[in-house]
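Asks: My structure is below; once you've seen it, I'll send some questions.
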Amino acid sequence: MASELAMTAELPTSPLAIEYVNDFDLMKFEVKKEPAEAERLCHRLPAGSLSSTPLSTPCSSVPSSPSFCAPSPGGQPSAGPTAAPLGSKPQLEELYWMSGYQHHLNPEALNLTPEDAVEALIGAPHHHHHHHQSYESFRPQPFGGEELPPAAHHHNAHHHHHHHHLRLEERFSDDQLVSMSVRELNRQLRGFSKEEVIRLKQKRRTLKNRGYAQSCRYKRVQQRHILENEKCQLQSQVEQLKQEVSRLAKERDLYKEKYEKLAARGFPRETSPPAAPKTTAADFFM
């Protein structure tokens, strides 16, 4: 029976499947005895079913498991687009279902022991393309036709708006925004939203104010340097004038001292000239 199972249902021998199966100890499960009716229920398919999955056992409320029973001799595979082929290989998720719900399987209906199941899993031939398909089935599926939640829509819209906002700001450099006239800027901003235009104009106003403040600061610093240079020149001139004043004061003191010395020696006074004799009228007539 194990060989027939290995032939009809080839299972992948990928390291992932082997490691997952080895994590479970199949020897600790006991074989549950079921009546022969369970075997008939295992082989019986529901009417109008497109899958090969049989009905679950009457005593179990677990959903129907993947089919590990041989199909009935008279059964014909369905020709629908979703119908699985008769000899199709079970997917890797069936292994996960089998390992997770081992206590719901019917070993008596399968006529298998835990050792036979392990041998069938390990001894199956390896197919690279089938392993790739089985592994791809466990990858997270995209949303597809499902509707995205409002948070995702908001995040996508915010990301798109942020990206569009960055593209608008990257379109103009700071120098272009400052040097561009208002008419030219309005012509360039045609077609953009009002919010983005206001934000860009606010950025331009901020840049112009910053440039004006830097210009005022530069002029103030330049004027300070000019005033400091003038101050230094005036201070040097004052020092020169002070030196000239001190030199003139010394020269004045020297001349004053000479004058005082000459005045102390006492120069002789000049005698007055003699007075002319008085002529009388008699002398005049004589």
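Glycine is treated like the rest: Cβ placed from N, Cα and C.
Relevant sequence annotations retrieved from Swiss-Prot are reproduced here:
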COMPBIAS  51-85  compositional bias 'Low complexity'
COMPBIAS  152-166  compositional bias 'Basic residues'
COMPBIAS  277-286  compositional bias 'Low complexity'
DOMAIN    199-262  domain 'bZIP'
REGION    51-87  region 'Disordered'
REGION    126-167  region 'Disordered'
REGION    199-224  region 'Basic motif'
REGION    227-248  region 'Leucine-zipper'
REGION    265-286  region 'Disordered'
Asks: With Cβ-Cβ distances below 8 Å as the criterion, list the same-chain residues six or more beyond the ends of the region 'Leucine-zipper' (227-248) that contact it, or say none.
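Replies: Contacts with the region 'Leucine-zipper' (227-248): none.
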Asks: Please count the residues of the region 'Basic motif' (199-224) that DSSP assigns to helix (H, G, I), strand (E, B) and coil.
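Replies: Helix, strand and coil residues of the region 'Basic motif' (199-224) number 26 helix, 0 strand, 0 coil.
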